[in-house]
Amino acid sequence: MLVVGLTGDIGAGKSTVCSLLQRMGAEIVEADRIVRQIWTKPEIIEQACNRWGKEILDEEGRVLPNVIASKAFLNDSEYKWLCDLIHPLVMAEMERELVGGEGLKVFEIPLLFEVGRPDWIDFVIYVTAPKELRARRNAARGLDEETLALRERWLLPADEKKKRSDWVIENEGDLKTLRAKVEDLGELLLNLAYPILVSLTCGSESEAEEIARACIDRKLAACVNICPVKSIYVWQGKFEQEGEWELKFKSLQCKLHALKNTILEKHSYETPVILVHPLKWMNGTALLWLREVLDI
């Protein structure tokens, strides 16, 4: 599984990028969706009403997001109080959504850097757009320049967030261009989301080294571990025992077909047993190493 945090400027097109990644097969987890769920909890509503009064609710007792925002962005203490109330619950729910996951998971977190990047995020994508374009989009959503400035005063500078990100997507308003950028990055991320460990045995050290070098030369494996093993097995109804050499390949699912073909081409056994082990997780630095060595 590969976990990506997606953040960006207000009105830059984060949701559009997430939608495009979702169509490619990524699972999207939206912080805003979780926040909306949290604001339905009676104990959270009660705490907010105790601080800001009943005016934050509509006639049916539901929280009014715009009123909450107007209260929270008044000063440092109000903003900090809201963050301390909501964000630990958001992070806890996101961590629950990690359990049992596989493939590419993208967590859309508008305040990713402001609340602290979780250690379970492997990479970060930052979405940005020209100021004039963002202003038009935000105005269409009812955010005037004054309200936007009030919200952005609590955010880290865009340049700082770009430096802390692994990829920056410049969204200049052309959907076709944006789609091409997202698809290129999405293809890479989906490949990195499926690391594998392939193992097999062969009859000699020299054969093991020949197979390993062929797979590495063809950029099908980033690393091959070779070690002697004692094999006990049944052949034609009898127990057999012999020394063999075990190979373990670190690679990616997208390379598996060519990797198996190369092994079969070089292997002396008529029917070598090739085992493929999907890896649930591999750290980001190791994945970037796989990307470089396997040339994807």
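Using the three backbone atoms N, Cα and C, a Cβ is placed for every residue, glycine included.
The annotation ATP binding site is assigned in TrEMBL to GLY11, ALA12, GLY13, LYS14, SER15, THR16.
Same-chain residues that are not part of GLY11, ALA12, GLY13, LYS14, SER15, THR16 yet have a Cβ within 8 Å of the Cβ center of the ATP site turn out to be GLY8, VAL17, VAL127, ALA129, ARG137, ASN171. In sequence order, VAL127, THR128, ALA129, ARG134, ASN171 are the residues near ALA12 (ATP binding site), counting only same-chain partners six or more apart with C-beta under 8 A. Scoring each of the binding-site residues (GLY11, GLY13) by how many neighbouring Cβ atoms lie within 10 Å, the top position goes to GLY13. Annotation: LYS14 carries the greatest number of neighbouring Cβ atoms among the binding-site residues LYS14, SER15, THR16 [cut-off 10 Å, Cβ to Cβ].
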